[in-house]
Amino acid sequence: MTTTRLAQSRWSRPPGSEDRRPHTARLGVRDTSPCRGARPPSLRPDLRGGTVHEPSIPHLLAEDPEIGGLVEAEARRQFEKIRLIASENYVSPAVLEATGSVLTNKYSEGYAGRRYYEGQQNIDPVELAAIERAKAVFGVDHANVQPYSGSPANLAVYLAFLNPGDTVLGLSLPMGGHLTHGWSVSATGRWFNPVRYGVRADTGRVDMDEVRDLALRERPRLIWCGGTAIPRTIDFPAFAEIAREVGAVLVADIAHIAGLIAGGAHPSPVGHADVITTTTHKTLRGPRGAMVMSTEEHAKAVDKAVFPGLQGGPHNHTTAAIAVALREAARPDFAAYARQVVANARALADALLARGYDLISGGTDNHLILIDLTNKGVAGKPAAQALDRAGIELNYNAVPFDPRKPFDPSGLRVGTAAVTTRGLTEKHMEPLAGWIDEVVQAAAKGDETGLERIAAEIRELMAAHPMPGWAPTP
């Protein structure tokens, strides 16, 4: 098993800690003493100028080598591959530390100042900091940072505003929507009356005429905008006008684009939507959590729906990590990051178009590209599997009007948030498109002879781009 380091990036404290470990530790010999007597990880300068913890998870490796080994194997996999899954990213070492902190030991049912358990002297300030930072970053009146993830956050919105059987209007899942926007296999599609809009066949963009026609005919009490595979800018003002016309609550699900909005690289729904939901782990580069934000008018309904309506005590370690991520998102360098994410996506889209790929809507305005592989003679699933073996991680995905089944669709979904965090820029998108094209052509022929060569080239590329939170021992 390879010893690893927890690499400190520019997101964390500067280097300079002295190495006082015995010579065996400096040579990479792991401390395998039991958890009770194990030494804490020492700090030392990294050859690249950062600061590292070595090894990264000594107590876990000593207590449970099986799980510890899998964690380190996953870290190496994330380090070596080009990760293009649109819903993934890398968090900073500071976010990692908050997520793994002692705050996980504390139960805190209720809200700050109104808890059902004592000992909240440190927890309340953490949650209040996360709330205030969310309000500042997104410019909202109110923020609830307790939802465990995106689906519970969306379900809380239903509990806040609807009764069972009420009509809800959302984007169809095969057209780029989300399960929780009323799809039939979701509880939201079983408990409520879902009506679904789609995209235009000629442009691949959301059909706002259909949205308005359905809203006028069905009179939904709630309208969703946003989704999981929308490569173009969401027209929040148009949705707001329709919602006002029919008296519906407008909810913007910005899970995929929250970081872009925070960084000024995508228009904001604030001032248009009544409620905004988001996960915190995609373009926002936070932990696996979620938030529900709203106007002051809806604050009490939202809070009551999250607790006690849906959840018990919040995950305090996650709340702290959300607060840290929001502090990072408020800095100027995050705005530069958000702009680079979009620039990389557009450069990659252009390079794929030049190679004859059919992109839904003809390109992208954000971090996401949706590819229809029909004209390449291969379905999305075998192409995605071949790309993974070649060191490029993405997901197969349905495309609008897809004739194939959901588990074997025609498309691929690509995102540039994670590779941008690793430091890739527009100049890397041309060779990346070349690798994708070579693998897709090979998958169409059933030929895997070149995949390991490409994987080796990708490992060499990614070795030159540090991964926040981890680095291999030389």
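Cβ atoms are placed via backbone N, Cα and C, with glycine included.
Annotated features in TrEMBL:
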BINDING   L173, G177, H178, L179, E296  (6S)-5,6,7,8-tetrahydrofolate binding site
COMPBIAS  1-11  compositional bias 'Polar residues'
DOMAIN    62-436  domain 'Serine hydroxymethyltransferase-like'
MOD_RES   K282  N6-(pyridoxal phosphate)lysine
REGION    1-54  region 'Disordered'
SITE      H281  site 'Plays an important role in substrate specificity'
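Each of the recorded positions L179, K282 was scored by the other Cβ atoms within 10 Å of its Cβ; the lowest score goes to L179.
The two recorded residues, K282 (N6-(pyridoxal phosphate)lysine) and E296 ((6S)-5,6,7,8-tetrahydrofolate binding site), have Cα atoms 26 Å apart. Looking at the domain 'Serine hydroxymethyltransferase-like' (62-436) alone, the prediction's average pLDDT is 97. Other Cβ atoms within 10 Å of the Cβ of H281 (site 'Plays an important role in substrate specificity'), summed over all protein chains shown, number 26. Reduced to three states, the DSSP call for K282 (N6-(pyridoxal phosphate)lysine) is coil.
On the backbone, the CA of H281 (site 'Plays an important role in substrate specificity') and the CA of H178 ((6S)-5,6,7,8-tetrahydrofolate binding site) stand 16 Å apart. The C-beta environment of H178 ((6S)-5,6,7,8-tetrahydrofolate binding site), restricted to residues of the same chain at least 6 apart in sequence and closer than 8 Å, consists of G150, N154, G170, L171, W224, G226, G227, T228, D253, A255.
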